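Per TrEMBL, the features are as follows:
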- 41-57: transmembrane segment (TRANSMEM)
- 77-97: transmembrane segment (TRANSMEM)
- 121-229: domain 'CAAX prenyl protease 2/Lysostaphin resistance protein A-like' (DOMAIN)
- 148-166: transmembrane segment (TRANSMEM)
- 186-210: transmembrane segment (TRANSMEM)
- 217-239: transmembrane segment (TRANSMEM)
Amino acid sequence: MAGTAAGSRRASLDPGRCLAQAVGFLVLFALARAFGLLGPPVVSASILTLGMVLIAWRSGATVDDLGLRRDRLRSGLLYGFAAFALVLLVLVLAAAIPATRGFLHDTRAEIDGGQLAYEVGVTIVLLTAVPEELAFRGVVLGSARSLWGSRYAVLLSSGLFGLWHIEPTVKTMSGNSAVGSASSSTGGQVLLVLGAIAVTFVAGLVFCWLRLRSRSLVAPFIAHVATNGLALVVAWVMLHRR
């Protein structure tokens, strides 16, 4: 009886409480990350993932709320791999055009094949895409939809996703030769950060669309891996074929 009562209390929680807890956790996490308090990526990613899982569990969120229904897996895979193919096409075209080729240069690609496999398979897939998709297209989008419907939920999720990338952008902007000169001044750095927020906001919109269209978190997860992982792979190929 005690277990049933506890389960009922979790299931009856207001989604607004779930959303507030998720957003509050993300803000605190981002601040701690900016001050270097979370340790190596494997630790920080684990904290983010476990935090989101706990918030979702305590709120009584269902697998449908989070986009984790097993019967939607096929739809998620179809939409996800369609997005994967589109991202690959865009990157190949960008690499083939001299005017856009410079934007693909990334100092992170100055690694060997084994390190590349680790970066894509572990850093991008497990330590980036998994926790971020669970947070932004899972818990935040799911709880916000219950409160305000899809339109405002998508805007909130995507806006938070854009702001989430401020600190990583500041840390990595010097690694791209195409923007290196722009980042040498304060004004240039501000513009680059604003640009990163805008780009990741739009990416968030696309990821949310994939999540809602497929009704599966798998679709934006694959698209997220594609945008981060394929860009690094293409940069690596360009660097090592010289």
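Just so you know, glycine gets a Cβ as well, placed from its N, Cα and C.
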DSSP-derived helix, strand and coil totals, residue by residue, for the domain 'CAAX prenyl protease 2/Lysostaphin resistance protein A-like' (121-229): 97 helix, 0 strand, 12 coil
Intrachain neighbours beyond the transmembrane segment (186-210), with Cβ under 8 angstroms and 6 or more residues off its ends: 79-80, 83, 133, 136-137, 141, 153-154, 157-166, 169-170, 173, 179, 219-220, 223-224, 227
Chain residues in Cβ proximity to the transmembrane segment (148-166) (below 8 Å; excluding those fewer than six residues from its ends, i.e. six or more beyond): 23, 26, 30, 132, 136-137, 140-141, 193, 196-198, 200-205, 207-209, 212
Within the predicted model, mean pLDDT of the domain 'CAAX prenyl protease 2/Lysostaphin resistance protein A-like' (121-229): 91
